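Trainee: According to Swiss-Prot, the active site annotation covers K196, on the basis of sequence analysis. Under the heading ATP binding site, Swiss-Prot lists D41, G42, E43, R100, Q101, citing sequence analysis as support. Residues annotated as Mg(2+) 1 binding site in Swiss-Prot: H134. Annotation comment: Swiss-Prot describes D173 as Mg(2+) 2 binding site. As annotated by Swiss-Prot, D-ribose 5-phosphate binding site applies to R198, D222, D226, T227, A228, G229, T230, with the evidence given as sequence analysis.
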Amino acid sequence: MSDCQHQLKLFALNSNMKLAKEIAEVMGIELGKCSVSRFSDGEIQINIEESIRGDDVFVIQSTSVPVNEHLMELLIMIDALKRASARTINIVMPYYGYARQDRKARSRNPITAKLVANLLETAGASRVITLDLHAPQIQGFFDIPIDHLMGVPILADYFKSKQLEDIVVVSPDHGGVTRARKLADRLKAPIAIIDKRRPKPNVAEVMNIVGQVAGKTAILIDDIIDTAGTITLAANALAESGAKEVYACCTHPVLSGPAIERIQSSKIKELVVTNSIALPEEKKIDKIVKLSVRPLIAEAITRVYEMKSVSVLFD
């Protein structure tokens with residue numbers, strides 16, 4: 001790829017092998033050889049099957065479902081790479097699990113997003129490349145470099161290609177206004193906000209819509225769609241308020257529990273997601289459009305390896 005003294009080695013674990021292969025193809029390299037197996041009691045064993053001594057190693061692993069299995073795989077892989085004398089160990093986490101536990105929501109709660117950062121560093125990670133953290137301040141939980149990529153440009157390009165008219169970009173809550181504004185700026189559209197109250201986890205109640213949506217094509221945007229309660233209630237509220245069409249988009253399609261059923265029965269015309277998380281076959285429904293983050297991540301890896309600026313990818 002370049003005349004760099006140290007070789008680039010790209011490895012993938014089990015969370016999103018398809019995306020990893022796509023990234024390797026874009027970069028024109030082969031994935032490194034490693035095996036992940038289980039002992040009879042369920043313990044994870046990893047064997048790196050080629051020399052990585054003195055190399056700059058990149059490991060692709062989202063900590064998606066099953067979150068704890070994938071996190072443990074990653075930590076063990078980092079330790080194996082460190083003991084095999086990798087020069088640098090760069091972790092590519094398209095989806096950073098536990099990111100929603102970024103603060104103490106109530107007394108005696110843990111801050112698990114910080115704990116995960118500590119675990120990655122202690123295991124031996126040199127750098128983290130991630131995509132659309134739930135809370136940008138999680139970058140401050142690390143004492144190693146972290147490159148925080150954005151999915152909005154990919155989503156914006158898709159909606160531009162559809163040539164939709166009278167667009168309004170809608171944030172499903174107050175916390176997502178900055179994200180909605182970034183998409184709105186790219187689409188040259190106004191924004192609206194759903195004012196909601198959440199009585200308990202994974203249960204959201206839509207209260208009010210701030211902004212003009214009647215007669216417009218509404219595009220809801222969030223970073224994560226989990227059980228889809230928030231996004232489907234918001235979509236239905238927008239339709240009831242006169243929106244002529246409702247689209248939704250997110251970077252990370254967790255889609256757990258009743259999410260697929262809720263999306264199918266909602267007013268959402270199309271849900272646009274990225275492949276930061278691998279979707280199983282049973283979740284691939286006609287309403288869901290999947291976009292690939294492979295060029296973005298491949299470019300980030302290349303720039304880090306070649307010691308070039310990554311900041312151009314943040315815009």
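Heads up, the Cβ atoms here are built off N, Cα and C, so glycines get one too.
Tell me about the setting of these features in this model.
Mentor: Other Cβ atoms within 10 Å of the Cβ of K196 (active site), summed over all protein chains shown, number 19.
Contacts of Q101 (ATP binding site) defined by a Cβ separation under 8 A and a same-chain sequence distance of 6+ are given as N109, P110, I111, T112, A113, in order along the sequence.
The C-beta environment of H134 (Mg(2+) 1 binding site), restricted to residues of the same chain at least 6 apart in sequence and closer than 8 Å, consists of Y96, A99, R100, D102, A113, D223, I224.
In the three-state DSSP assignment, the secondary structure recorded for D173 (Mg(2+) 2 binding site) is coil.
Secondary structure at T227 (D-ribose 5-phosphate binding site), as computed by DSSP, is coil.
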Trainee: Could you give the maximum C-alpha to C-alpha distance in Å for the residues D41, G42, E43, R100, Q101 that bind ATP per the record?
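Mentor: Greatest Cα separation within the listed binding residues comes to 30 Å.
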Trainee: Out of D41, G42, E43, D173, K196, give those recorded positions positioned within 10 angstroms of D222 (D-ribose 5-phosphate binding site), comparing C-alpha atoms, in sequence order.
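Mentor: Among D41, G42, E43, D173, K196, the ones whose Cα sits within 10 Å of that of D222 (D-ribose 5-phosphate binding site) are D173.
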Trainee: Here are the binding-site residues: D41, E43, D173, D222, D226. Which has the lowest count of other Cβ atoms within 10 Å?
Mentor: D41
Trainee: Tell me, by DSSP, whether H134 (Mg(2+) 1 binding site) is helix, strand or coil?
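Mentor: In three-state terms, H134 (Mg(2+) 1 binding site) counts as coil.
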